């Protein structure tokens, strides 16, 4: 009788121990399932978006024909166009994709930097020089270069010092983007997130997928814009807003075709 009672007590104790363990396993299993699902969703983000997958818009619309097999709509901005086969090699494709995104971001910042001083100057804000390609030349003037026209901010008189600061600042940003450093571990150097996304704009996978498309589309436009700013500076010697005003005032006399036909080499 005592032995039977002891065995019954042991069985009850075993059941009472198993219940919490099973409950814990169930909860942990659910957490792991949620984590796994969240990671899976993040990997396949954009699968329901019109900008991804086989049915995404192509570079020639319905006349695009068959696109290369390696352009399958997995990445943002893929319109199926690679006539020269520049991205047929997977490693080259990955490298070109990273270069395009990074150059697009710098171009967007550059375009903003070209337009903003000229726009502020037209609004009454005084600058030493508002035209973007003339501003840097002030460093060679007798008084040097004052940032925002204020000598109490940054007063620069050495082009080498400015060059060194640019290398350090831009190099630090790129280094943190690729290697992490003080900003934490980086799992994706193209979209590092973390401290590079303080507002948490990319927390939702679907929103993140759409933002990737918007970024690369605007970045490509910005790269073309910067190229146009360079050409305008060489041909007209004016800033982009001044060129725009001239074109709006007299579109026939101020356009690319008119300047091209009037161009004389050596003059």
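Cβ from N, Cα, C; glycine included.
Positions annotated as transit peptide by Swiss-Prot, on the basis of a curator's inference: 1-37.
Summarising the annotation, Swiss-Prot assigns N2-acetylarginine to 38 and lists similarity to another entry as the type of evidence.
What Swiss-Prot lists as phosphothreonine is 40, and the listing cites similarity to another entry.
Look at Swiss-Prot and you will find 59 tagged as chlorophyll b 1 binding site, backed by similarity to another entry. For the recorded site, residue 59 (chlorophyll b 1 binding site), the DSSP three-state label reads coil. Cβ neighbours within 10 Å of residue 59 (chlorophyll b 1 binding site), excluding its own Cβ and spanning all shown chains: 14.
Summarising the annotation, Swiss-Prot assigns chlorophyll a 1 binding site to 81, 87, 100, 220 and lists similarity to another entry as the type of evidence. Spatially close to residue 220 (chlorophyll a 1 binding site) yet at least six residues away along the chain are 77, 100, 104, judged by Cβ distances under 8 angstroms.
For the transmembrane segment (101-121), the residues of the chain that approach it from at least six positions outside its boundaries are 127, 130-132, 135, 174, 190, 215-216, 218-220, 222-223, 225-226, 229, 239-242, judged by C-beta separation under 8 angstroms. Sequence annotations record features per position, and here Swiss-Prot assigns transmembrane segment to 101-121 (among others).
Residues or ranges marked as chlorophyll a 2 binding site by Swiss-Prot: 103. Look at residue 103 (chlorophyll a 2 binding site): DSSP puts it in a helix. Cβ neighbours of residue 103 (chlorophyll a 2 binding site) (same chain, under 8 Å, six or more residues apart in sequence): 219, 223.
Under the three-state DSSP scheme, residue 154 (chlorophyll b 2 binding site) falls in the coil class. Summarising the annotation, Swiss-Prot assigns chlorophyll b 2 binding site to 105, 154, 183 and lists similarity to another entry as the type of evidence.
According to Swiss-Prot, the feature chlorophyll a 3 binding site maps to 138, 148, 215, an assignment based on similarity to another entry. Under 8 Å, Cβ to Cβ, and six or more positions away along its own chain, residue 138 (chlorophyll a 3 binding site) finds 128, 129, 144, 145, 146.
Taking Cβ pairs closer than 8 Å, the transmembrane segment (153-173) reaches residues 139-140, 144-147 in its own chain, all 6 or more past its ends. The transmembrane segment annotation in Swiss-Prot covers 153-173 (among others).
Positions annotated as chlorophyll b 3 binding site by Swiss-Prot: 158, 174. The Cβ of residue 174 (chlorophyll b 3 binding site) has 12 other Cβ atoms within 10 Å, all protein chains considered. DSSP gives residue 174 (chlorophyll b 3 binding site) a helix state.
The chlorophyll b 5 binding site annotation in Swiss-Prot covers 166. Cβ environment of residue 166 (chlorophyll b 5 binding site): no same-chain residue six or more positions apart lies under 8 Å away.
Marked as chlorophyll b 4 binding site by Swiss-Prot: 166, 177.
Under a cutoff of 8 A between CB atoms, and with a sequence separation of 6+ in the same chain, residue 214 (chlorophyll a 5 binding site) has no neighbours. Here Swiss-Prot flags 214, 232 as chlorophyll a 5 binding site.
Cβ neighbours of residue 218 (chlorophyll a 4 binding site) (same chain, under 8 Å, six or more residues apart in sequence): 104, 108. The feature chlorophyll a 4 binding site is assigned by Swiss-Prot to 218.
Per Swiss-Prot, transmembrane segment is recorded for 221-241 (among others). Nonlocal intrachain contacts for the transmembrane segment (221-241), taken as residues 6+ away from its ends with a CB within less than 8 angstroms of a stretch CB, comprise 103-104, 107-108, 110-111, 114-115, 118-119, 122, 130-133, 259, 263.
Ranking the binding-site residues 158, 232 by other CB atoms within 10 A of the CB puts 158 at the bottom. Residues 81, 87, 100, 220 are the ones the record ties to chlorophyll a 1, and the longest Cα gap between any two of them is 17 Å. Around residue 81 (chlorophyll a 1 binding site), taking its Cβ as the centre, 13 other Cβ atoms fall within 10 Å, counting all chains. The two recorded residues, residue 59 (chlorophyll b 1 binding site) and residue 81 (chlorophyll a 1 binding site), have Cα atoms 6 Å apart. When the binding-site residues 154, 158, 174 are ranked by how far their Cα is from the Cα of residue 87 (chlorophyll a 1 binding site), 174 comes first.
Residue 177 (chlorophyll b 4 binding site) and residue 105 (chlorophyll b 2 binding site) have their C-alpha atoms 13 Å apart, to the nearest angstrom.
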